[in-house]
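Here's the structure we're looking at; comments come further down.
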Amino acid sequence: MRVTYILYVLISSVLVNAFEPISTTIVGAGVTLGLAAVGKKMYNHLHESCESKWVAFNSTGLEVALDQKLFGQHVASRVIQKAVTGFMNNKNPKKSLVLSLHGWTGTGKNLVSQLIAENIYKEGMASSFVHQFVSTAHFPHLSQIENYKSQLQQWIKGNVTNCPRSMFIFDEMDKMHPGLIDCIKPYLDYYEYLDGVSYRQAIFIFLSNAGGEHITQVALEFRKAGRDREKIKLQHLEPALTLSVFNSKQSGLWHTSLIDKNLVDFFIPFLPLEYRHVLLCGMAEMSAKGLVPDQDVVDQMARELVYFPKSDKIFSVNGCKTIGSKLDYYT
Ligand SMILES: *[C@@H]1O[C@H](CO)[C@@H](O)[C@H](O)[C@H]1NC(C)=O
Ligand SMILES: *[C@@H]1O[C@H](CO)[C@@H](O)[C@H](O)[C@H]1NC(C)=O
């Protein structure tokens with residue numbers, strides 16, 4: 001970079017001298033422009049920008065990450081890989097990508113958002129183009145709802161204007177005020193431009209526990225029938241993700257308005273995790289902490305967790321959620 005820059009200045013000054021005096025101003029302007037371009041390049045080299053050096057999808061990377069880091073979610077894993085790859089490879093998508101992730105706590109919804117971010121943005125979750133909102137933390141007061149609305153709209157618009165390939169993660173979607181959900185609907189829709197801004201490159205990810213009980217029911221029935229968990233297919237879980245399920249008071253009305261308009265591209269179910277998956281999470285967590293994975297330690301930790309249903313204790317109540325801190329205690 002520096003060498004190019006010095007060469008550029010040298011050559012430019014030779015040219016300036018050669019064409020004195022007529023072209024001085026023209027070449028001078030050229031030098032200034034050239035310097036500005038070099039300066040901008042150097043800046044982008046060191047600071048995150050919306051360019052391909054910082055924002056580029058790695059399909060293999062996502063596949064490998066899902067395979068090695070997400071446990072017990074063969075259905076979710078496949079849908080996510082397909083959905084994200086399809087969208088990212090589409091040069092001209094007709095709308096933003098909207099994924100709705102459903103399932104019990106600790107089943108990997110946050111992890112999946114993180115893996116997607118890491119394989120699109122070089123800076124992963126720390127990227128200035130990834131925005132995460134947790135309903136109860138960011139929008140806690142009902143009385144402030146009008147402020148939240150205009151703020152959220154400004155943020156989405158401002159950030160997508162800066163970088164069309166922006167990602168917005170909404171956690172605890174089932175606790176989000178319907179008014180707030182309404183205010184983000186236009187960005188999920190098929191408009192080419194809204195006030196001069198196109199949202200078609202953006203990614204929205206909704207996380208919620210809605211449908212979790214029904215998903216668990218399906219997993220339980222498979223097990224009771226002696227069928228392999230890995231044989232569960234998306235179509236077995238789809239009824240658990242339908243409108244009627246979401247109309248329950250607990251999950252709120254948000255789906256109704258989003259489903260009605262087909263604004264969600266993929267509903268992705270996360271299965272409840274069994275003992276053996278908790279073990280896998282534990283082993284992976286130990287490696288991630290720089291420890292040598294120890295089956296005995298992980299086993300001991302996994303046995304202390306709470307499982308449900310009470311009668312046959314199959315699924316971990318907190319999934320893999322608290323494993324990081326639990327392991328600190330056992331190691
Ligand atoms: C994409 O991910 C794969 C697997 O993690 C990795 O080996 C490869 O270097 C990545 N490619 C780029 C361009 O980062
Ligand atoms: C982008 O979103 C963040 C919240 O994640 C907000 O603080 C910031 O002001 C937004 N930027 C613009 C330009 O709107």
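Cβ atoms here come from the backbone N, Cα and C positions, even for glycine.
Per TrEMBL, the features are as follows:
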BINDING   Gly103, Trp104, Thr105, Gly106, Thr107, Gly108, Lys109, Asn110  ATP binding site
DOMAIN    273-330  domain 'Torsin-1A C-terminal'
SIGNAL    1-18  signal peptide
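Features recorded in TrEMBL, as mapped to the structure shown.
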residue: Gly103; record: ATP binding site; contacts (Cβ under 8 Å, 6+ apart): Ala76, Lys109, Asn209, Gly211, Gly212, Ile215, Pro269, Phe270, Leu271, Pro272
residue: Trp104; record: ATP binding site; contacts (Cβ under 8 Å, 6+ apart): Asn209, Gly212, Ile215, Thr216, Phe270, Pro272, Leu273, Phe315, Gly319
residue: Thr105; record: ATP binding site; contacts (Cβ under 8 Å, 6+ apart): Asn209, Asn318, Gly319, Lys321
residue: Gly106; record: ATP binding site; contacts (Cβ under 8 Å, 6+ apart): Leu273, Ser316, Asn318, Gly319, Cys320, Lys321, Thr322
residue: Thr107; record: ATP binding site; contacts (Cβ under 8 Å, 6+ apart): Gly72, Gln73, Phe270, Leu271, Pro272, Leu273, Gly319, Cys320
residue: Gly108; record: ATP binding site; contacts (Cβ under 8 Å, 6+ apart): Leu70, Phe71, Gly72, Gln73, Ala76, Phe270, Gly319, Cys320
residue: Asn110; record: ATP binding site; contacts (Cβ under 8 Å, 6+ apart): Asp171, Leu207
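The Cβ of Lys109 (ATP binding site) has 25 neighbouring Cβ atoms from other residues within 10 Å, across all protein chains displayed. Annotation note: Gly103 (ATP binding site) sits in a strand segment as assigned by DSSP. Secondary structure at Gly108 (ATP binding site), as computed by DSSP, is coil. Other residues of the chain with a Cβ within 8 Å of the Cβ centroid of Gly103, Trp104, Thr105, Gly106, Thr107, Gly108, Lys109, Asn110, the ATP site, are Leu111, Phe270, Gly319, Cys320, Lys321.
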